[in-house]
Amino acid sequence: MAAAMELRCWGGDWGLPSVHTDSLIVLAYATFSGAKLTASPIDWTWKTLTATVPELVCGDSAVTEPSQILNFLRKQRFNADYELTARQGADTMAYIALLEEKLLPALLHTFWVDAENYANLTRPWFASRSPFPLNFLVPSCLAKIALSRILLTKGESPLHRITEVEGKIYSDAKECLNLLSYRLGTENYFFGNSPTSLDAFVFGFVAPLHKASLPSSPLQSHLRQLDNLTCFCDNILAVYFSSSHPYG
């Protein structure tokens, strides 16, 4: 009998099974591939400070990072990509790289660096999900990690200030969303009639931007003009994460 699989992740809100992009990617891929895993939110535990999420625990194995977790699931014969051609497989890798290079910095900036969003949405949410006294530490720690990630991706040196790269961050992100919208077209999924790992990644990146009640977000306003991408997210939520189709 196969060992039970547990996914440690941030919990859900805003109509999403998790508010955390990397956790969403894994949850989506697991449902697409038929993997039975139990989602164990780290909310209100000391793991909010110490854990690396998402983390898949299966027997004696513990795997972190979405790409590594998806590879682990494939080795367990949970493969949402088995019908892809070699060309589609290559396209998948290219689009995932595009998401991480072009869209991720803007998402991190939107949720963690933008002062209005951080003060009114992000910090209160993560503080409310962390036990005392971690509620004072966790949001600021995550914000510092996000800022470092942005500057590492976009700054030519650590001496760059975030204001020097903001314009480029958001223009790149809007271009990325436009490319995704064009590639998706009128289809429900990016390749054929069934969702694959690319759909999981796009969902993980785009759904929080679509569903969060952000006080300030030009990027969210841009996304709302791309009806097919917002419908893509809503469709996955309805088909794979509704009460009639529980995940995990």
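Just so it is clear, glycine is given a Cβ too, placed from its N, Cα and C backbone atoms.
Feature annotations, courtesy of TrEMBL:
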type   : residues : note
DOMAIN : 173-236  : domain 'Metaxin glutathione S-transferase'
Arithmetic mean of per-residue pLDDT over the domain 'Metaxin glutathione S-transferase' (173-236): 96
Within the domain 'Metaxin glutathione S-transferase' (173-236), residues counted as helix, strand or coil by DSSP: 43 helix, 0 strand, 21 coil
